[in-house]
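Working notes, beginning with the structure itself.
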């Protein structure tokens, strides 16, 4: 069984006020914040890294509510050498480490490394990568991420033709957290939810909204309704 998880991407936040922006998202009932780490090699863009995660963790300490961890940092590592940064992200205060399948030669060993540092382990695939590469890994993962844009920049158009990957994962692994990232908002959430995604990354559609809390709730309600219909709701 799974549950809806809404994870606003701070790539679309005000970088001069990242700590306040994270607090705002959690006050608006976001489940996680999604932190995009880009190294300028695996993807052409360059963003934040472990020092920023560390500063954010000091500003937004972990907590607990109803037995569940709060202020969860979902770290999406769009980096050429994901093994290198596992200890740094763990030390900085990350909660989940999402590496790209395309960036490592030994994904199983990397998953073991991530978990040995107390992090949840997730694996992402680019639009051009077959979903089948995730099948041998899925039982070891806490989450799979199907990219619905090319990784590297925010604000891209949602790729609906990625939804068969989500459907295939959900059919084979009904209890797996399945994340979609790229172009998600009110106009596209229905397709993603119907395909079986339960973890939703949303950037500009949340941070650029007049009422971000209303958008977060809309995304959650849509995913929850779909999970109920599928009999998958935790």
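From the backbone N, Cα and C atoms, a Cβ is placed for every residue, glycine too.
What TrEMBL says about this one:
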| type | residues | note |
| --- | --- | --- |
| ACT_SITE | 36 | active site, proton acceptor |
| ACT_SITE | 181 | active site, proton donor |
| BINDING | 9, 76, 152, 153, 154, 155, 183, 203, 204 | substrate binding site |
| BINDING | 34, 36, 76, 181 | divalent metal cation binding site |
Nearest-integer angstrom distance between the alpha carbons (Cα) of residue 204 (substrate binding site) and the residue listed as 'active site, proton donor': 12
Cβ within 8 Å of the mean position of the Cβ atoms of 9, 76, 152, 153, 154, 155, 183, 203, 204: remaining residues of the chain near substrate: 11, 12, 36, 149, 156, 181, 182
Residue from 34, 36, 76 whose C-alpha is spatially nearest that of residue 154 (substrate binding site), among the recorded positions: 36
Nearest of the recorded positions (36, 76, 181) to residue 152 (substrate binding site), judged by Cα-Cα distance: 36
C-alpha spacing of residue 36 (active site, proton acceptor) relative to residue 76 (divalent metal cation binding site), in angstrom: 5
Euclidean distance between Cα atoms of residue 9 (substrate binding site) and residue 181 (active site, proton donor), Å: 9
Alpha-carbon distance [residue 34 (divalent metal cation binding site); residue 9 (substrate binding site)] in Å: 4
Which listed residue (9, 204) has most other Cβ within 10 Å, given these are binding-site residues: 9
Nonlocal neighbours by CB distance (under 8 Å) for residue 36 (active site, proton acceptor), same chain, sequence gap 6 or more: 9, 10, 11, 47, 48, 76, 78, 154
Nearest-integer angstrom distance between the alpha carbons (Cα) of residue 183 (substrate binding site) and residue 34 (divalent metal cation binding site): 14
